[in-house]
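Going by TrEMBL, these are the annotated features:
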type	residues	note
TRANSMEM	7-26	transmembrane segment
TRANSMEM	38-56	transmembrane segment
TRANSMEM	68-88	transmembrane segment
TRANSMEM	94-110	transmembrane segment
TRANSMEM	122-139	transmembrane segment
TRANSMEM	145-162	transmembrane segment
TRANSMEM	174-196	transmembrane segment
TRANSMEM	239-260	transmembrane segment
TRANSMEM	272-292	transmembrane segment
TRANSMEM	312-334	transmembrane segment
TRANSMEM	346-365	transmembrane segment
Amino acid sequence: MRVKTTYSVWGLILSYSVLLSIIAVNRHYTFRTNAYDLGIFMQAIWSTANGFRVLYNTIEEYQVCVTTHLGVHFSPILLVLVPIYKVFPHAETLLIIQTFVIALSAYPLFLLSKKVLHSERLSLAIVVLYLMNSLLHGINGYDFHATPFALPFIFMTALYFERGEYRKALVSSFFVLLVKEDAGLSILSLSMFYLLRNSKLFSLQTYKSLFEKILTNKLHPSEKTALIMGVLATSWVLISWRVIIPHIAGVHITSAVYYARFPCVEYIPMKILYFIVANLTLGLLTFLRPKYTFLLTFAPWLEILLSCEKNLFRIGFQYPYMILPLSLISVIYTIRELQSNNLKKVFAVSVLVGILFSILTTPILPLDNEIKKDLLVPPHYYQPITHHDRLLLDIIKVVDSTNFSVLTQNDIFPHLANRISTYVIWSSYCGNTLPKTDIILLDNTLLYSVYNYRIKDHLRAYTKVYENDGIEVWIRNDVLETSQATELVRKLQSLERNGKGF
């Protein structure tokens, strides 16, 4: 039985990896990946791998006046990817690595569940609930980010803690912190859970007793480890937000702008729906032991629900990267508490409910319903590559073969991100004027062509040298007569004559 269950888990991991990798790469080749955020990470990692400034990208330089991604989000774990990207400098590299990391996180989840519940069947069901979860599909589906790298380490931290391997738990928790400045909230939550799960939360005696143990050095190793984790996590969050990021950026760049309009009452119904649906995707098991769920998820839920940035409470984005694993940890310990109370029926129904609501709300399936409309779930599902897509890909190859600087749209940028002189057309800039690049590449059929009005005056200094099926290539007038520009025009005309892309 043990071998069969383990094989089943690895089969699920492999199936998820293949399916979601195909979907992720398909999004890229159908021009649904973005400068925000795949392009940022591609250019930042490429610039580091090729000897430019560390994690430099033109997007954040022109939009927030910061010359390294570390001055926007403190994610040093990205540096681990530099040697890999140096050898395989492709969008697919990042998208597939991200998918495999997410898929592999199911294994420490399985081990944790098996350790706590002593049941491989229940643990397998937990893995299914996780890999089928629509929040996870959203984390995986929207471009590339550093945050999914926290998932396996959050589960590993809990696993090592449960095993009593406290040094390993501390090491694992440190890797969680390397993911992003707010990742410390997940470690703080785990710390609070392991310190207080068996205590009365609202009893003064609980905290008095804990304080006395600290003073008399009578803490159990688990309590000592939890305290260290809590202090480390809190320090990381505060120092990252208040010291490291402002120092690197040279200006105070934080996500506080997301909270500037609080309470943003127009989003309250959407936030309530998001909270309910997120818990429904876990079969409402999170509500069976409110104390556990409160300790483990209060902080990350607070970060999301107080925000006025609606992408934080939409299924289809990376933001629930702490809520989902912490909620599942809560579910595992809840099931252990309820094993004597008709568990099998409750758990079976809950798993079915969770899977049903995940199917209804996942961004990787083309299902339309009112919940997805109300939560503005984006379409991350597989779409056939069209003749138009192929034509644009061919044009991009021609443009990329030159040394020209390029200004282009959000949804084209990732295809030209492996160069230091590609810039994005956006709704606003931080004081830097629009760069006068050698080339402007537009596609008026794509979603982010809505921002092309920003360059209307800019185009006066350019000549349109190619137009086909809504795609336009413009060359700056003072470089139009150069040999490289002439060769570019010749290649573009050759595409049209040869019917490439059609």
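In case you wondered, yes, glycine gets a Cβ from its N, Cα and C as well.
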Outside the transmembrane segment (68-88), six or more residues from its ends: residues with CB under 8 Å to it: 40-41, 44-46, 48-50, 53-57, 60, 94, 97, 146, 149, 175, 178-181, 240, 244-245, 248-250, 253
Cβ-Cβ under 8 Å with the transmembrane segment (145-162): same-chain residues at least 6 beyond its ends: 37, 41, 73, 75, 77-78, 98, 101-102, 104-105, 107-109, 111-112, 115-116, 139, 168-169, 172-173, 175-176, 179-180, 183, 186-187, 190, 194, 222, 225-226, 229, 318-319, 321-322, 324-326, 329
Highest-contact recorded stretch vs the transmembrane segment (346-365), from 7-26, 122-139, 312-334, CB pairs under 8 Å: 122-139
Candidate ranges 7-26, 94-110, 122-139, 272-292, 312-334 - greatest C-beta contact count to the transmembrane segment (174-196) (under 8 angstroms): 312-334
Winner by Cβ pairs under 8 Å against the transmembrane segment (7-26), considering only 38-56, 94-110, 122-139: 94-110
Same-chain residue ranges lying at least 6 outside the transmembrane segment (38-56) that approach it to Cβ under 8 Å: 28, 67-70, 78-79, 81-83, 85-86, 89, 91, 94-95, 143-146, 410, 413-414, 417-420, 422, 424
